[in-house]
Amino acid sequence: MCFTILPRLLPGPVQSYPSMYPITGYYGAPAQQQQSYPTIPSQAAPVSNKSPITNSAHSANYYQNNHPQQLQQHHLPQHHYNLQPFQQQQHPPYTTSASYYGPQSYHASPAQQSQQQQQQPSLVPMAVSGPGGPLYPIVSYPSAPGSSQYGTLSSSQSTTQMGAPLHQYGAEPPASSASGHSGYGMAPPSQVAPTVNGQGSTAQNAVHSHYSQTSQASLSYNSYGGVTQSSGGADADRPPSGTPSASVHSSPGHHQGKSESKSSLSVFSFIITEFHFFPSLFLSGGDTSSSSTGSASPVPNSYDSLEGGSYPGTCSSQTDSVCLFVVWKPSLPSLQPFPSLSELSAALGGLSGVPELEVEALRPINLLQERNLLPPRPLEAPEPNLSPDLKKVNCSPQTFRCTLTSIPQTQALLNKARLPLGLLLHPFRDLQQLPVITSNTIVRCRSCRTYINPFVTFLDQRRWKCNLCYRVNDVPDEFMYNPVTRSYGEPHKRPEVQNSTVEFIASSDYMLRPPQPAVYLFVLDVSHNAVEAGYLKYFCDSLLENLDKLPGDSRTRVGFLTFDSTIHFYNLQEGLSQPQMLVVSDIDDVFIPSHDSLMVNLKESNELVKDLLKSLPALFSQSRETHSALGPALQAAFKLMSPTGGRITVFQTQLPTLGAGKLQSREDPNQRSSSKGAHHLGPATDFYKKLALDCSGQQIGVDLFLLSSQYADLASLACISRYSAGSVFYYPSFHYIHNPAQLEKFQRDLERYLTRKIGFEAVMRIRCTKGLSIHTFHGNFFVRSTDLLSLANVNPDSAFAVQMSVEDSLADSSLACFQAALLYTSSKGKRRIRVHTLCLPVVSQLSDVYAGADVQAITCLLANMAIDRSLSSSLSDARDALVNAVVDLVSAYKSNVSNLQQSGLVLPAAMRLFPLYILALLKQKALRTGTSTRLDERVFAMCEFKTQPLQQLMRMVHPDLYRLDNISDQGALHLNDTVVPQPHLLHLSAERLSRDGAFLMDCGNVFYLWIGKCCNEMFIRDVLGCPNYASIPPNMSHIPELETPLSERVRAFLDWLQDNRAFSSTIHVVKDDASAKATLFQHLVEDRSEWASSYHEFLQHIQQQVSK
């Protein structure tokens, strides 16, 4: 094992000497130098010393060389090893990589923007200790009484069988019955096993987890993040030190399923717990990778005490929730007569005082007769049927959204509706307004640890009742003072009780160690394939341009690592005249040649970092090395980052071919168009998953940029990001010359990526009203304990989804509440808690459930479930399950609305787009069959389904189509002296296109501007700057800024669409006769193609299934 100082960077004779740093020092032995960081000013007391935690056996066996040999190394200047540590007095120093499992942080979705014109927030700057500290305004709104009671739901289910159709349901017991509903094919709570990301769990090493002092869970995780849980004793929620813990169940008062252990490389099936929707979507499958998870780092005993556990006898659920509700007035065909609203109300069980809009959402629509289904504008999130005061303070639907805006009172009612219950959550999204609260006391329920919120009940000035577990708590003296009004005795007017999204500055009670600095490590592929693709120059240019915009403070640290068949480190220690390259050629036993000079303070080594970025592209421009040692490079990156945690950004351009984690091509191009479905959707090895779990344990998130023109096995590589709460970016056929559109997208994405806010060492817990249960999570994370999601990094562009069930009847409740708490460290070194609280009504009538159905949220949740089904079972099984979901709903609506004797396909107006959305899902890259789809592109589409926010996901599933050549100011928005036209939505069918027009299709991450052959030349001239149709260039990818009214209108509309998304979308101008037209026409989901049916044919198929 040796490393070399590259002569080109370090002139002078080459000498050698033994290694000073054996590998074992990284995993248990004390670090060679202890580093500490200055105390972050806050009101917190010093953090007490915590006992170091030993790494798991897997970490040692996985990376550690137990027989270190003498290493031949070239001499480096003495200061390479003597970087002076920062000194701090009050906090324990950073020690070895295994000494800390990371503070818990909770992701709560961003604060809702003020929606009422009459509400004018008053900003009162709050002093922050420490010189130069930022001011955190406390935003207060008028008081809105939130006193009401909340009840519980009950659910039980029986075991599902592989391949069971979604529409098979059995007879339902009365609402009061506690027995399971056999039709749902689920086991009762005492027999079910929790799941994560739709996957059950197996493990060789069971782990005990303490929870709420009343239940214990033996938990383990599989390759897809699933966890099994078994009953246990009083200490169940506190995993012992040195033991990996994972769990998915987080609902009140259940969790007694059994945990099964399987040997590695075995195909396993599992029971999905408490799913109260379509069994066929939740069937378990297995993967062929090892299910052993001994590599996870240990969980400190004090983790639950940081953020707080659930109330006794329950498991606080972690759900990511979003609630969309579709309400519009459809144009009804005058064919066969429909019953009156009073008759419909009686058929559905009576309308319990729902508003007029919700009555309209119940109007029956015959889909076979109604052709104009789309509303003129994109759907807005529905408003729950709450009092005006509660609506004012409820959480923004862009942050927290539920599939049903009216929660069924019982599981039997939910079963009867045949609709899924779940939450969609976007917890860290960018906000224009966020109340930040600095207080010595963060008021929480003493029982369930819920944060005080607008929906608690104040019994008097000194007592408040929790809206989740109903415990009566005392109001602390400090909470009696309102810092906004500077008055005493009005706790109900505090900002915490006036805003459903708030952020607290956390005290030392919420820390296991001093907040970490912002640390960024860039791992760059410099093989011949990477040089040919040409990404390195553009990466270096972008980072140079945005170096000063990286989130952080004076403690920010950066490092660089490049690799081909060897690994190259870069000494950037302050005081050097130029960067030094250190080459490690022994990739089978990777070691770190220097401790302190490879990850450097950005401020102190700024010039050296810039010199390196300027020289890197030329340094490897003549490389002929074709191999890629990605696995060893990631091992080295893990060792570099373990002492502090942070973010690793990996750029890869080909299939890894050397060392640990090497892969072989599994794609058969002849099978891309197979109608039987896709194979090899799961990972080929568990190396990347195990490494990701180790990274998560050391608070390291890994983001992957894959820029490949060939198959690179993204199914395996994506695991490094999936389980470390990272992100995946994919640029197929990337080439800086031959594919300018991909290059432009890469540059835009990279700018956003480098400058967006980031949270470190985060954890998130989701709680819900007693009686509701959260059982399955979707997204990129690791489940650390029973109801705690570990997010080593959290970013504003990732979302999560969860599935829920009703465990106990909510008959005594009128409202149900959900709260997500995200504890994280900001890039400035502040410990913060972002809290979001959502309130929804509880209903007892089927009509109210249907009126509150959110068709977009339901579609997104089903998309997540279908992705899991395709991994655990098969792609065809997942597709069948989606079709059965539509059949179930139509059958349930038909059978429950007995007065509707009409033939045809009838659904309530709120759900009339549901079949169309499901058909669109079936035609997406992730789930389609019968057409050529590259395996990596299919896997990336699946990754996007699991992590994209609802608005972005819906644009990908069902793009928005507009006509632009006849754009007008009618109904336009007037924003900052800019007129933004609002053209109507068009159905996604070729019959809506005309050759004399210009049409814009918004697919979320790309715009297509289709120009017909006979398009008005004035539009072509005024918008595209071309004299006529023939002169439009074939690969036009931008709209010129022309000083014409039409150009200004079109660009204003495009800019308005861009403002609503994090990553800017590229635009492709497509001519009617261009070959690229086929790509656009693939998105016309209502039309028939060679490999898929049309919308009308799909409806006929559904009708046939219902009539069986």
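Glycine too: its Cβ is placed from the backbone N, Cα and C atoms.
Sequence annotations record features per position, and here TrEMBL assigns compositional bias 'Polar residues' to 89-99, 192-232. Per TrEMBL, the feature compositional bias 'Low complexity' maps to 108-122, 146-163. Sequence annotations record features per position, and here TrEMBL assigns domain 'Zinc finger Sec23/Sec24-type' to 442-479. Marked as domain 'Sec23/Sec24 trunk' by TrEMBL: 515-754. Per TrEMBL, the feature domain 'Sec23/Sec24 beta-sandwich' maps to 759-843. What TrEMBL lists as domain 'Sec23/Sec24 helical' is 854-955. Marked as domain 'Gelsolin-like' by TrEMBL: 983-1054. Among the features that TrEMBL reports, region 'Disordered' is placed at 37-61, 89-129, 146-260, 661-681.
Note on the domain 'Sec23/Sec24 beta-sandwich' (759-843): its mean pLDDT in the predicted model is 93.
Of the recorded ranges 442-479, 515-754, 759-843, 983-1054, the domain 'Sec23/Sec24 helical' (854-955) has the largest number of C-beta contacts under 8 angstroms with 515-754.
When each of 515-754, 759-843, 983-1054 is checked for Cβ pairs under 8 Å to the domain 'Zinc finger Sec23/Sec24-type' (442-479), 759-843 comes out on top. DSSP places the residues of the domain 'Zinc finger Sec23/Sec24-type' (442-479) in helix, strand and coil in these numbers: 2 helix, 12 strand, 24 coil. As a summary of secondary structure, the domain 'Sec23/Sec24 beta-sandwich' (759-843) carries 0 helix, 61 strand, 24 coil according to DSSP.
Residue counts of the domain 'Gelsolin-like' (983-1054) by helix, strand and coil are 24 helix, 12 strand, 36 coil (DSSP-based).
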